[in-house]
Amino acid sequence: MIRINHFAAEYIFVGGLVLLLGIMLFPVLVVRVQNPPKEDEKYIRRIYDNHSVGQVFVHDYYRIKGIDVVVRANSARMALLIASDARGTRLGEVSLSLTSNDQWISIPFKKSLPKGTDTVTFTTEAGTSIDNAILLRVQPDSTLYDMGNMVVDGTTSYGDIAFRAIERLPVWRAILVWGQVNATSMRATMFLVVQGVAGAGVLFALMSMRIKRFASAHLVISVLAIFIIALIVRAPYVEKIQGVFGGDAFNYMSKGYALLHGGDPFAADPRKGILYSLLLIPGFLTSDPLVWSRWVGIVAAALTAGLVPLVGRRMGMPLGIALMAGVLTACSEELIWEAPSGLAMTLFTLLILFSVYAYLQIARSQRWLWVLAASAGLTMLTRFEGALVGAVLLPAAWVRYRIPWKKMIWPVVLAGLLMALPLSSLLWSGKSGIRTPQDIANDDGLFLVHSIWDEQLELNIERSYEFFTNVWVWKGENMNIAQWLGIGLASGFAVIILQYALPRRHSYLFSAIGALSAGAFLFFLAMNNELNKFLIVAMLYILTGIGIVLFVKKRPVDAFAMLLAIATQIAVIIWVLPKTRYFLPTIPFLYLFLAYGIHTLIPSKKKIVQFAVMAIMAAAAIFFLVDSRNVLDKRAEKYNNQAQDNHVMLGALRDLRASHMRIGAPDLEELDVAMYIPRSDLFVFKPSGSNNLADQELQFIKQNNMQYLFERDRKPQWQIVREHPELFANTKTYTTKNGDSKVFVYQVRGD
């Protein structure tokens, strides 16, 4: 065993402090927005021929190494933008490809602007016409100075150009400048920290409660609080997300609808599991089945967030950190977005996590083996790849807890029977309730990988990076996640070596590392730009990697069981169809291993330390939530635009459903019509030929005593409405905001 003596440990600590001081003196380039661009078209200045635009800079203790400006043009073309100082010395130039859209252009300077006051003037090539001018964005309301410091054609003008300054500063001055100039960001950060401290304080108080005759009251109340938080965060999206884009939500509903009307629920759509569809059946007894399906997903996501702390406790985490892992899960952007989608992924995520919890609970009582078997079977009935969860966890339980094989047989039989239920449809319908390999191979909608040498595998792995890059905060551009997770795994091994090498009295070094990491993390949160989002994501994956390695060290069988259960899901997704939502089950495990990594670096049991860690994690959760709000609103807007056609139809169907009247429809092949209008009220007109359509429709109306007809603004449509409008009392029109899709509802006259 490696040992480091007392003096060596002190040298390590002092060396770390010296390194930190060296880092604080290290020069860095800082890019910060001095004046943001205005969206109004009139806030531009033209640069052409001998017409220039300049900016006066007043700077005292930093040097400007370059400048970023916002430019565009009336038409796409190449141009040269030149920056010069007040003496006419050319500082830098850039050849750029202009478009009609605004773009940030960076102009690095050949030499720094010295301390003091100077003017940077922007020009272009001589002879450039006004039609080919470079359009430079300006800010009419100066945020830097009381008077304007823009220079137009050599004359001082009010306002400033929209620009970002590139400054070379030592790290400590960069922090000071950032704090002085970005006061709004500082206030927002302090607000996050205050909210985090307040939220952590509430949870800390709840988890510290002790109620007589109810030893676990503090845990139950804390978990309930997380469940309620998760519900509150997701509830607005029931209304924000309008309609359905894609048919999967109605495919799930159709299976439940088939069972409700005595049909074959398994063969109704063999691509979909049955369990989620069964939970949708009560929705058909409400005024809006789709809203019910949204709430089923939201409740499943909230239960997932509430279950995370229970799993964390079984992993050996302190209650405070386990609770904050649940809070982070509750604030997860992807879990917020997918919860009201009307799809089964949040339920699937919940069942995988619950199966892991049941597996860990077997240590307390082997009765949980039956719970694990049932949960594994239900997981498979939600999505068929869920069978792999039982295939991993049941053998792991047998090995880990040394369960006699005779006691293993019946739980395995239970799981097998549940998993085999979809095949039972072969007995009465002759159709399989589960997808066959041939069906999967012939599905053009899948990105199927046929071998490990298939180029499709590399493409699918690249697609998976989109999810894992943005699972913490929305970054946009993909990162090499494997690299940062690998650094985390290597760091985990380094932590193990240090744990063995350092005497126990020097465990404060881990606390120092943890404190520095926490400070850096808060700093990155406060900066909130693309670079710091990159650093946040990298740091979180490093901590997650540390957590994985340390949990493997402490409980190898449990760790491998958990990792293999989730890794098999990732493998199937990458092999078949790497859509973002299919990676959803990984989210609670990422937060669990992240929390375990934090627990490893800051192992102190002192309440003040635990509270500080909870406050930082709460601030991170609030930051994730705030960061996701704009992203989610944009995603909802894009989704709603894509779902407008369906949303218009749903608006008409909701009103028709509430009328409880006899409703006639043309031969529409739309699942939402069948799902919303009860079979007893819906009559579909199918003409016997193309001749005398109006007469056929009139006979159809009389025979079925129709009270309402509806149609889209495209074929098939009712001919009788156009030839005999006098037969209808009134018309109600449902339309999109752009008017590009309409649904008409006609009331048939009773006379």
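Including glycine, each Cβ sits where the backbone N, Cα and C put it.
Record features (TrEMBL):
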TRANSMEM  12-33  transmembrane segment
TRANSMEM  188-207  transmembrane segment
TRANSMEM  319-337  transmembrane segment
TRANSMEM  343-362  transmembrane segment
TRANSMEM  369-396  transmembrane segment
TRANSMEM  408-428  transmembrane segment
TRANSMEM  484-502  transmembrane segment
TRANSMEM  508-527  transmembrane segment
TRANSMEM  534-553  transmembrane segment
TRANSMEM  559-577  transmembrane segment
TRANSMEM  582-602  transmembrane segment
TRANSMEM  608-626  transmembrane segment
Quiz prompt | Proximity verdict for the transmembrane segment (343-362) and the transmembrane segment (559-577), three or more C-beta pairs under 8 Å | solution = yes
Exercise. State, in range form, which of 319-337, 369-396, 408-428, 484-502, 534-553 has the highest count of Cβ pairs under 8 Å to the transmembrane segment (559-577).
Key: 369-396
Quiz item: Which listed range (319-337, 369-396, 408-428, 484-502, 534-553) shows the maximal number of Cβ pairs under 8 Å with respect to the transmembrane segment (608-626)?
Solution: 319-337
Exercise. Determine which residues of the chain contact the transmembrane segment (582-602) at the Cβ level, with the cut-off under 8 Å and only residues 6 or more beyond its ends counted.
Key: 304-305, 307-308, 311-312, 315, 317-318, 321-322, 324-325, 328-329, 332, 334-335, 338, 345-346, 348-349, 352-353, 464, 467-468, 471, 488, 492, 495, 510-511, 513-515, 517-518, 540, 543-548, 550-551, 562, 566, 569-570, 573, 609, 613, 617
